[in-house]
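See below for the structure under consideration.
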Amino acid sequence: MDVDKIISKIQNGDFKDVKRFIKKNPDQVNNRNSKGVTVLMVACEQGNKELITLLTESGADLNISDEDKKWTALHYAVEKHKTDVVAFLVSSGANVNKQDSGGNTPLHLAVKKNYEDVVKVLLNSKENNNLQVNQKNNFSATALHLACRYGSKDVVELLLQHKDTDVKAVMEDGSTALHLACRYGSKDVVELLLQHKDTDVKAVMEDGSTALHLACRYRSKDVVELLLQHKDTDVNAVTNHGYTPLHLASSHGRTEVVDFLLKQKGMDVNKVNLKGDTPLHLAVQKHKIDVVAFLVSSGGNVNKQDSGGNTPLHLAVKNKYEDVVKVLLNSKENNNLQVNQQNELGWTALHFACRYGSKDVVELLLQQNGTDVKAETKQGSTPLQLASAHRHKEVVDFLQQQNGINANKVDEEGDTPLHLAVQNHRTDSVAFLVSSGANVNKQDSWGDTPLHLAVWNNYEDVVKVLLNSKENNNLQVNQKNNFSATALHVACQYGSKDVVELLLQHKDTDVKAVMEDGSTALHLACRYGSKDVVELLLQHKDTDVKAVMEDGWTALHLACRYGSKDVVELLLQHKDTDVKAVMEDGSTALHLACRYRSKDVVELLLQHKDTDVKAVREHGWTALHLACRYGSKDVVELLLQQNGTDVNAVTNHGYTPLHLASSHGRTEVVDFLLKQKGMDVNKVNLKGDTPLHLAVRNHKTDVVAFLVSSGANVNKQDSFGNTPLHWAVGNNYEDVVKVLLNSKENNNLQVNQKNKLGSTALHDACRYGRKDVVELLLKHKDTDVNAVENKGWTALHLACRNGSKDVVELLLQQNGTDVKAVMENGWTALHVACRYGSKDVVELLLQDKDTDVKAVKEDGQTALHLACRNGSKDVVELLLQQNGTDVNAVTKQGNTPLHLASTRERTEVVELLLKQKGIDINKVNLEGDTPLHLAVRNQHYDVVASMLAQDSVKLDIENDDKRTPLLEAVYAAHIGIVHEIITCGAKMNAVDKDGNNCLHIAAEKEEFHSEVKRIPILDECCRELQLDKDRRLSEIVVLSYLASHGASLYHRNDEKVTPLDCIENQHLKEKLKTFLQSLCWWCQEKKATVTLHPCRHTICCQNCCSQMTFKQCPICRQHIRSISGFVCPKSEEKAVQTVAESVECPKCKEKVESFESVMVEEKHLHRVSQKLAGKWQPLGRELGIRQYELDNIKENNPLNVEEQGFQMLLRWWRGNDPEKRTLQILKAALERTECQDALECLSSEFN
């Protein structure tokens, strides 16, 4: 039987089968269902003690939790109020402190449910000595917190009797039991807590609230009274935001509590919170009128201002609390009320009342003595302006009846009350203000008078008031606003006939008044198409129908421009209308009507006897040109019915109407024009374009088809020699190409016709890689695939230049395509493809049997030269795979492919070429430059590094200027390259054609640069010269570096100048002399070549070194740790010394160990590499390993520094002969790079 069946039987009261099952299967007593519920949990929930006892005796685990709520059997028993089961479980060892998913223990549940008997069991059981009565749930509440929260006096009493109950325990928000009791509980619970010795009545929550704050905010007067009887209660305590108990009671309308608090000794009725609010402010804001009355009668300051400067009166008025306003105004205690007090924005209570439209409140305020009806805010607004602006008509009317109102006061927008009344369509208010002397001519910030505003809004009734009032004898009806418009202009613009009529009836209205651009009222009426308004204006005796605006627009021009037939008809009936009048650009009314495709207007104009259909505007355009350009067939038809209309008329640029219609794709117009007698379909403009050229160029396919079928010349060339086919191909208009190639009328199409550059249509298609178009052209029977342009380009050349594999493939598939064809400078298609770097195209060409990989241009370049110059590794690779490719082929300048790749920093190509068998890395061109010279001169560090890695590279070849690569590097001021070349063993004293050695050249440079991050020896040179490291790339440091490697500071050039002579700083000059190779200290015959370390003084020759006995440098007295530059002479039988030997000083007979005598073995490298850390790269450079090799080591072992160091040492060890991998050499390098830990490790290996 599974758990779910057992649980179901228990829930149905069928205990008999369950008991039988448990007795037979005691091992399954702790089985759970899918929710983690055990049989015991359900039994406890049902309260069957007999079954529970059986389960317990059978080994049921009392403390297993379910999956959902994490309840144990005890939680289930408590929740279902099974007191005897709770007692049994506790006595049987159930964990009373076990927490559920909410952190609640069984005690929490019992307290929350107010199960007093269960609480007693849990608290008083003998087995419960370990009960944690103060344990907190997930909300940080103890059992006492919950008891106070749910207000059970008896439960609280039981908990307080427990010896361990902590009455001071706090929740996360700082609440104690007393806080919760005051917030939720009864007077009895608070009383119990206050009797407890540990209760802290002053305790505060996180927000600073005491128990008294909560009692005043939420509870009754009785609780407040209990708290205030306690000696420690502070009646004026403040929260973090400055609220006192009185603030909270007032804000929430606790009238009895407020009354009680106000009777307390020391109560501060006017204390303010952080926002500047007194209790009275809060009571007013929350509309607690009874509290307001209490506070006012108890000394609440009615003039106190909050942080915004508002008094309680401001707040009451703003919120339209009329009853509160009455209390504040009428209280006997309020003799000192300042009714005109202003807030920070300068608003009085009256401003607020007018703003929010409360007439009754306005009346109340104005009944007060001294209320200032003219008071202004900081922005200059009066109460009347605020009421007007917000359309409070009753308030406006009431205010206007008050004495002292300034009807002409303006606000920040320049509006007077009259402006505002007009805008809000308050006709009565307007009449009242006008009759009260309001200035009807006052302008706002836009220059508008009240009349402008009334007209603009089409308020006819307001206009009547303003125009007809007896008081308005001084009305300036023609006053202009900031846009130079009068009221009449505005009325005509917005098309109000009735308003216009009213204005025209006024004796002073000027119908001829003009705006800045010259517009009259008639212009505006015609512009906006109001027939009725135009009719009224034309009836006026002063209307000037011929008046012109700035650009020469007449009323008729505007009417035609905006296509109003009725207005045009009216104007044409007027005797003064000039139908021939022209604008500045020469346009007549007919031009405009045709331009804007108004057939009805054109028809009217053509009926007029004075209309000139041949009139031309700017650039020689007739009305027909405009009609064709803008595509109105009906208008074109009307024009062509007129005598004198020339269908072939040309503009100043040679355009006919057909040109314009074709160019803009007006198919119907083109069709109609082509049917006209005498129509010249092939007429050309000044650029040589026919209508067909323009239609093709603008991709008007339908028009192209019309023109071709109507006899248009498809072979006609424009001024550049292009035919329509050229243009279609060049723009990739495949559909147009099809029309031109396939039309039945096109039997005479010359598909190979050339433009002035010698290009055919096929050339253009290949030049731009138009595969589909090329395919179409190649299908034409006459297409010449080998036609050449003026400079010898074939279609194949152009396709190769574009890199279009598909086009090249199409061309190669054609019979007769000449893959060997050469341009005038000897370029083949392969040359072009290699120059522009398309691997796919090169691959296609190489598959063709006729492609000659050895072919050379006029300058001697092969395809390989061009590919190397371009830097396409893939193309170079393809060419190198071909039989006959000569990797050492030279141009007429003597350059090999390697020369060209080196010049342009094609590093990958250089590395590929260097791998080729037979490559001549030292080949010189006609100027004597090897590829290395060129790479160095152009400062291509990576290319130089790749070449120096070759064993066959020669470092000291001189070019025609007698410069070696080292001298070129110094000339280029690239110390990184200089360092690499010196490291490889270049001669230090080579001189150029002027006799300059590397030091002469370096002395002329201000500063060197390098791509290498750091060259440690330069830092040593800085230290030696006592210079800052930021001068490590200066010419003086480089000079010392070069001198330290053997370059002579005393060598004289052809002008007898030494490098030292080039140095102006005498102090540095003296320091540089320390780098000179002096004579041996002992024999004074041979040059000193042996250098001491770490001081780096060079003091003796090879022969004398073997007799050296001193332990300190004779110059600086520093202890000698190692030497360099000495090769110990040995018998011929032993290639390398492997045992440390001692020599005897010939003078004092003292034994001195020879540093060169011990050879490093591979096993030592592992131990040394463990101590190198990040210094392995500087050490590698000191050991002569090139930078690119160090970079490869790092790249191959990116995360293992120790392995990087070992691989570097292994590279040095394997790359040198035995005599060059001695202890002395490694020690010297370690010292120079300051690898002290590695040096000590190495020394310990040989002790």
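Each residue, glycine too, has its Cβ placed from N, Cα and C.
Those TrEMBL annotations? Automatic predictions, nothing curated.
Because the structure is a prediction, the values reported are computed rather than measured.
What TrEMBL says about this protein:
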type   : residues  : note
DOMAIN : 1080-1117 : domain 'RING-type'
DOMAIN : 1161-1246 : domain 'Death'
REPEAT : 35-67     : repeat 'ANK'
REPEAT : 102-134   : repeat 'ANK'
REPEAT : 173-196   : repeat 'ANK'
REPEAT : 207-230   : repeat 'ANK'
REPEAT : 241-274   : repeat 'ANK'
REPEAT : 275-307   : repeat 'ANK'
REPEAT : 308-340   : repeat 'ANK'
REPEAT : 413-445   : repeat 'ANK'
REPEAT : 446-478   : repeat 'ANK'
REPEAT : 483-506   : repeat 'ANK'
REPEAT : 791-815   : repeat 'ANK'
REPEAT : 859-892   : repeat 'ANK'
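When pLDDT is averaged over the repeat 'ANK' (241-274), the result is 94. Through the fold, the repeat 'ANK' (308-340) approaches residues 276, 278, 280-281, 284-285, 287, 289, 292-293, 296-297, 299-300, 302, 347-350, 352-353, 356, 358, 360-361, 364-365, 368, 370-372, 375 of its own chain, all at least 6 residues removed from its boundaries and within a Cβ separation under 8 Å.
Secondary structure of the repeat 'ANK' (241-274) per DSSP, as helix, strand and coil residue counts: 15 helix, 0 strand, 19 coil. Below 8 angstroms of C-beta separation, residues 144-145, 147-153, 156-157, 160, 167, 203-207, 209, 211-212, 214-215, 217-220, 222-223, 226-227, 230 of the same chain, each at least six residues beyond the ends of the repeat 'ANK' (173-196), sit close to that stretch.
Applying DSSP to the repeat 'ANK' (308-340) sorts its residues as follows: 19 helix, 0 strand, 14 coil.
Residue counts for the repeat 'ANK' (207-230) under DSSP, split into helix (H, G, I), strand (E, B) and coil, are 16 helix, 0 strand, 8 coil. Note: the repeat 'ANK' (446-478) comprises 19 helix, 0 strand, 14 coil (DSSP; helix = H, G, I, strand = E, B). Panel annotation: around the repeat 'ANK' (35-67), residues 3, 6-7, 10-11, 13, 15, 18-19, 22-23, 26, 29, 73-74, 76-77, 79-80, 82, 84-85, 88-89, 92-95, 98, 100 of the same chain, lying at least six beyond its termini, place a Cβ under 8 Å from a Cβ of the stretch. Per-class residue totals from DSSP over the repeat 'ANK' (859-892), listed helix then strand then coil: 16 helix, 0 strand, 18 coil.
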